[in-house]
């Protein structure tokens, strides 16, 4: 089945944006992942996103199983500095300048670090109250992403959308994302995203809708 779909057709299958944003925020509060799509002329992909604070092993396993396997931990610039997480490279030449830092692993409470349980432990270690740089080993199996201050109003990326959703939902400004893929390993887009959302009863929003929501509500 082709994933090609016109934007107006895609959005006609969804409820109004305001309603979906509010549902997404409630889902985030309840520890349920949401699907966030970026602009059709950008990556045109959807990420499974959840707040780091409510992340559990079942959701992590779903992200590994239904996503790319590259599970990323989104954190603020302030937390990245506090945990002493420098950029992965000095010269970021990636297309969208995705701000990967060095990879991490919890210093205690994990085995190989790659299991769903170990990745959850690593992320919860990084966001716990009083966390310090020494709580994390480097390198590891979790990929931190440094969000730009200002969120999606500064950079229209999934990293910033993840932080914004957690923050607006009243949780710690940190989250987890993984790109949604099809069973054959290709990236999910368009109607494939809608089909997955309907099958798993997940809310779908776009970064553009989150931008407009923040502007309209002065968030």
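Glycine too: its Cβ is placed from the backbone N, Cα and C atoms.
TrEMBL: automatically predicted annotations, no manual curation.
Taken verbatim from TrEMBL:
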type: BINDING; residues: 42, 43, 47, 155, 156, 157, 158, 159; note: D-ribulose 5-phosphate binding site
type: BINDING; residues: 43; note: Mg(2+) 1 binding site
type: BINDING; residues: 43, 158; note: Mg(2+) 2 binding site
type: SITE; residues: 141; note: site 'Essential for catalytic activity'
type: SITE; residues: 179; note: site 'Essential for catalytic activity'
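Structure with TrEMBL features highlighted.
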residue	record	Cβ contacts under 8 Å, 6 or more apart
47	D-ribulose 5-phosphate binding site	35, 36, 67, 158, 162, 177, 178, 179, 180
141	site 'Essential for catalytic activity'	103, 105, 112, 113, 114, 118, 119, 122
155	D-ribulose 5-phosphate binding site	147, 148
157	D-ribulose 5-phosphate binding site	38, 96, 98, 148, 207
159	D-ribulose 5-phosphate binding site	72, 74, 98, 99, 145, 146, 147, 148, 177
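Its own atom aside, the Cβ of residue 158 (D-ribulose 5-phosphate binding site) has 30 Cβ atoms within 10 angstroms in the protein chains shown. Its own atom aside, the Cβ of residue 156 (D-ribulose 5-phosphate binding site) has 18 Cβ atoms within 10 angstroms in the protein chains shown. In three-state terms derived from DSSP, residue 156 (D-ribulose 5-phosphate binding site) belongs to neither a helical nor a strand segment and is classed as coil.
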